[in-house]
Amino acid sequence: MDRVFSVEDISDQFWSPPAREDSSKLVMNRSDSEWAFQSFLQQASALESSQPLPSDPVPVAGDVKNPVEIPANVPVDSEDYQAYLKSRLDLACAAVALTRASSLKPQDSAALLDNGSQASNTSQLVSQVPPKGSGHDLSKEEDKEALAATATPLLPALQKKSAIQVKSTTSGSSRDHSDDDDELEGETETTRNGDPSDAKRVRRMLSNRESARRSRRRKQAHMTELETQVSQLRVENSSLLKRLTDISQRYNDAAVDNRVLKADIETMRAKVKMAEETVKRVTGLNPMFQSMSSEISTIGMQSFSGSPSDTSADTTQDGSKQHFYQPAPTSHMPAQDQKIQNGLLQVPPVDNLQQHSASGPVEGNKMERTSSMQRVASLEHLQKRIRGGVSSCEAQVSGKQ
């Protein structure tokens, strides 16, 4: 608590002038505050003639409990005593400042200098009061009161700075925690009791902490969304892998069936070529066989039509045209014609082939149906070629007649 001295607080007596000391004694050789304050107390005790004052390395802050009566009617030089008090006060302020300078930040030291200036202003107020008494005891008590007035405004400021520094350290170590109500309450109390600069710094700290908390929440929400998308993509990937496995299995089965069908087609082609060669050997012997093959082709076409009327007409035909299938008498025919007739007996008629194919099992294999259709197609091709040869032979016979 700051103490302001007024004119009413000072008694109407003059102070005794202190003895002038050399300037070399006033210079502080060490930077340690304790030694400086000890020298100050020793110099103050040297002014006493009757009772010495023990040295105390700890600065005293507070009111004087045991006041000493001021002797009356002691002449004193007011200007010299004011200069002496001012020098003592500056020395005490410097000692306290050096003590706290090592543990404070630059902004804290600036605040300390402000408090020092306030203390100097207080000392100026004390020095402006005209002294009215003199005495060694009065000078000693006045020095103590001036030192108490100087230390009193300094100590609360230092306590505030240290409390704010401790709070900032605590808040910096607990940034990872999202909610810390106790610290917020402590910082609010510090803001109320501190100066405006500390309040601004605390508000800035709170805003930074709040922004960091919001950013952590946004990151957490973003990570949750990404994890959900990853799980969905994994499910879709597993379903696509199953479909791919199924499709690949079907493709392998289709490839095997394709190879089997190709082998069957090659086999049927070889059989068709062998049948064509056999037909060529038979049809190239005698033109008389071409006329008989024309009848066979007409019968075969009627049987291939598939209508019930055609098949019934084929069954009700007279036997006048069936002499192509019966062997002729061999008495008036040459040996070559007999060989041709014997060869015709070996060729199965188309009707028999159609009946054989129709009498087969209905529930046959797919490959057997394909082979039978290929045989029918090859026979139709042969019949077309035979009909072309028959027409040319008939033209030659009509020309000879």
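Here, residue 1 is simply the first one shown, and the rest follow in order.
Placement of Cβ uses the backbone N, Cα and C atoms for every residue, glycine included.
As the structure is a computational prediction, the values presented were derived from the model and not from experiment.
Look at Swiss-Prot and you will find 115-127, 300-319 tagged as compositional bias 'Polar residues'. The feature compositional bias 'Basic and acidic residues' is assigned by Swiss-Prot to 134-146, 189-199. As annotated by Swiss-Prot, compositional bias 'Acidic residues' applies to 179-188. Annotation comment: Swiss-Prot describes 198-261 as domain 'bZIP', evidence class sequence analysis. Per Swiss-Prot, the feature region 'Disordered' maps to 113-146, 160-199, 300-322, 352-372. Here Swiss-Prot flags 200-219 as region 'Basic motif'. Annotated region 'Leucine-zipper' per Swiss-Prot: 226-247, in sequence order.
Looking only at the domain 'bZIP' (198-261), the predicted model's pLDDT averages out at 94.
In terms of DSSP helix, strand and coil, the region 'Leucine-zipper' (226-247) has 22 helix, 0 strand, 0 coil. For the region 'Basic motif' (200-219), the DSSP-based tally of helix, strand and coil residues reads 20 helix, 0 strand, 0 coil.
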